[in-house]
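Chemist: Below are the features I grabbed from Swiss-Prot:
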type	residues	note
REGION	1-36	region 'Disordered'
TRANSMEM	85-105	transmembrane segment
COMPBIAS	125-134	compositional bias 'Low complexity'
REGION	125-147	region 'Disordered'
TRANSMEM	182-202	transmembrane segment
TRANSMEM	206-226	transmembrane segment
TRANSMEM	275-295	transmembrane segment
TRANSMEM	347-367	transmembrane segment
TRANSMEM	392-412	transmembrane segment
TRANSMEM	480-500	transmembrane segment
TRANSMEM	572-592	transmembrane segment
TRANSMEM	607-627	transmembrane segment
BINDING	701, 702, 703, 704, 705, 706, 707, 708	ATP binding site
């Protein structure tokens with residue numbers, strides 16, 4: 001067996017292949033990791049040469065680091081999720097422990113003082129026993145406050161107690177049954193809040209779901225505050241009742257010790273203050289800690305990046321040498337957050353609209369209260385004065401609400417129109433500033449769809465929908481608060497539907513966002529097909545392919561229809577679930593509320609108000625679910641738009657050096673190039689070419705050899721894969737593209753005119769040109785005579801792409817457009833091929849005149865175009881095969897140029 005030996009070149013090749021594989025593997029791993037944590041990788045480019053822009057600045061990844069409090073720990077996804085789960089458990093233990101303590105304090109207080117409530121129908125004996133049949137000593141009944149009346153419902157579930165219960169109360173025990181019920185409820189409620197928060201984090205990393213998570217967290221904290229307030233208020237009420245009763249009834253206060261072991265009020269003023277202080281001092285830090293833990297959870301859910309300081313860079317690079325792959329990273333925020341940031345210029349209008357929105361929402365919240373008042377008047381007092389005042393209040397509320405709604409709608413719509421107009425301007429700017437290679441890869445119809453369809457979806461979301469979202473959010477929060485005030489038991493019963501709605505919303509939201517993006521993609525396909533057919537209708541008609549493209553367009557439309565059908569099914573299922581759950585909840589609330597009315601614990605007016613608030617809440621939830629659909633569609637559409645926003649052009653449109661006194665010499669050195677759409681197919685292969693000032697260079701050769709590519713490279717439509725192109729010895733990559741292209745006159749093989757007048761198209765090369773200069777340029781291009789024959793002369797509209805002019809007329813207008821620019825370099829891509837012999841001769845005379853002291857490159861298959869060139873360059877398969885004058889190359893009978901001329905002369909004969 002012989003051992004295979006590798007030379008140095010083979011070793012270097014193997015090493016290079018291995019490094020590329022490792023780099024691809026690392027990039028793939030990074031992409032998967034970033035996608036998991038919500039980083040959009042659509043525009044990430046890992047290249048040794050291309051930099052990515054962060055806030056307008058190009059930064060390498062080695063200068064960036066994860067900007068979270070955990071970046072030094074290098075946590076993977078499993079470790080992050082484990083920490084998040086641990087935080088949720090700690091949060092649950094903290095809040096549950098706090099609420100259990102509150103319940104223990106509350107029910108202990110209630111048990112020690114319940115014998116002083118006048119509702120207890122019990123008698124005492126001298127021995128301290130209690131007899132249900134004995135007559136209690138008369139004691140003054142304290143007048144409770146409205147708050148205490150509301151809070152006493154927690155304990156006034158019975159109106160009489162037997163002796164064993166009183167003895168248990170006298171012993172200082174508390175009602176274990178109710179303590180267990182309420183503590184269990186609190187634990188379940190907080191568990192629900194935390195579980196919902198966790199579900200939202202698991203199902204999505206988007207900004208909107210994390211915002212909902214924050215709202216849920218705040219609701220949990222508000223519940224804590226309400227619970228603490230109830231406890232403090234009830235303790236104060238109990239303490240006041242004890243003091244009042246003991247001071248007015250010596251029989252009870254000075255009776256047997258079995259009534260009250262301590263012959264003093266349960267809490268004096270000092271102790272009450274101490275209890276309140278303890279609740280506040282313990283509760284507030286716990287709430288802050290709870291919020292901090294959730295902020296940490298969000299920190300673990302997103303990867304953010306910051307620029308390293310010199311000290312951090314040194315530390316990070318020393319400990320992470322494997323990170324030195326020179327990859328580029330682009331930082332992106334969630335699309336919703338970016339849309340909000342883009343709307344900052346409209347912030348004053350939005351704030352004014354928000355004020356009107358608050359008034360509009362408050363009037364909606366006030367209506368159920370006054371409707372309930374009217375019902376209560378009809379059911380009880382039958383007072384016309386109360387009826388009139390309540391009705392008048394409703395009329396005033398309606399007027400205020402109408403005016404507020406008018407102002408709100410107007411301002412939000414105005415802000416939305418300004419916002420979307422700026423989005424479209426920025427999007428169009430981003431599109432036209434991309435390099436030419438980008439347009440080779442993207443279809444025109446798809447880009448037009450981004451400008452029209454996707455922008456329209458965003459417009460609807462940021463105008464009407466955003467105002468409605470804020471309005472219904474305020475109504476939901478206000479309705480929940482007023483429901484708690486009206487009857488907290490029924491409110492808690494109603495909130496049982498929230499878990500079902502929340503989980504449905506999360507699952508539905510993910511599905512809608514996915515379908516929304518697919519729907520916009522299919523619309524873009526159909527737009528592309530339609531644009532191509534309409535713009536090339538003459539070709540379609542000449543081949544009688546109308547039905548073929550109708551079928552193709554129908555196929556594209558059918559694709560969007562199928563996705564739209566899935567979207568409709570998802571929307572229908574979600575709406576059905578929401579409606580069913582909401583209606584069942586209303587039926588249950590009506591039943592329980594009616595029982596409370598029959599028991600006398602709830603008034604008819606309060607039940608009416610409660611039902612109206614419930615209906616308002618249900619309608620608001622239903623509207624928000626519909627708005628969520630539109631928002632998720634908008635987010636899906638914004639994905640496409642922000643991909644264009646974030647894409648950094650490979651070739652800048654401006655910025656760079658400007659040469660004060662240019663000579664006009666161009667040199668191509670070892671240029672290799674392949675088009676972005678065909679990266680494996682080399683078009684230019686090590687091409688070397690020098691173009692001197694004032695010389696005419698003709699490029700000839702078989703079709704597909706690379707002649708037009710050379711023109712595109714000189715114009716810097718593309719950058720070479722390797723090698724360089726210099727202008728007066730300076731690489732054109734260092735030159736200002738605006739200045740550089742300003743000294744180049746270009747006439748393409750298929751000149752394109754814009755849908756304006758002939759004058760507009762000629763002045764496209766020089767916006768400041770006078771009418772005399774326009775006419776002079778047209779005369780030099782032999783275009784003035786046919787322009788004057790038109791009824792409107794130079795103001796004649798040429799139609800889309802110059803469709804109203806003949807091929808020769810379009811060519812001459814394009815030449816005039818190049819001439820008026822007074823360029824230093826002329827690029828003529830078969831510029832006279834569309835002219836007849838006489839026009840070509842006249843145009844050639846004009847071109848010969850403006851060629852003096854200019855660098856000229858001309859591509860032509862016609863012998864007459866290149867016969868007077870200083871140098872003829874034969875390009876075949878991306879290489880220069882021959883170079884010399886026309887006579888020199890013609891004398892080479894075996895050369896490509898000789899054969900080309902011979903074939904053309906034969907065809908002319």
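Each residue, glycine too, has its Cβ placed from N, Cα and C.
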Chemist: Looking only at residues six or more beyond either end of the transmembrane segment (392-412), which have a C-beta under 8 A from one in the stretch?
Modeler: 349-350, 352-353, 356-357, 359-360, 363-364, 366-367, 370-371, 463-464, 466-467, 471
Chemist: Looking only at Cβ atoms, how many others are within 10 Å of the one on residue 704 (ATP binding site)?
Modeler: 12
Chemist: Select the most exposed residue of 703, 708, where exposure means the fewest other Cβ atoms within 10 Å, treating these as the binding-site residues.
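Modeler: The binding-site residues 703, 708 were compared, and 703 has the fewest Cβ atoms within 10 Å.
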Chemist: Can you list, in sequence order, the residues of the same chain other than 701, 702, 703, 704, 705, 706, 707, 708 whose CB lies within 8 Å of the CB centroid of the ATP site?
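Modeler: My list of surrounding residues reads 709, 875, 876.
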Chemist: Around residue 707 (ATP binding site), how many other CB atoms lie within 10 A of its CB?
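Modeler: 25, counting other Cβ atoms within 10 Å of residue 707 (ATP binding site).
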Chemist: If you draw a 10 Å sphere on the Cβ of residue 701 (ATP binding site), how many other Cβ atoms land inside?
Modeler: 23
Chemist: Hey, which of the binding-site residues 702, 705, 706 is the loneliest by Cβ count within 10 Å?
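Modeler: Among the binding-site residues 702, 705, 706, the lowest count of other Cβ atoms within 10 Å belongs to 702.
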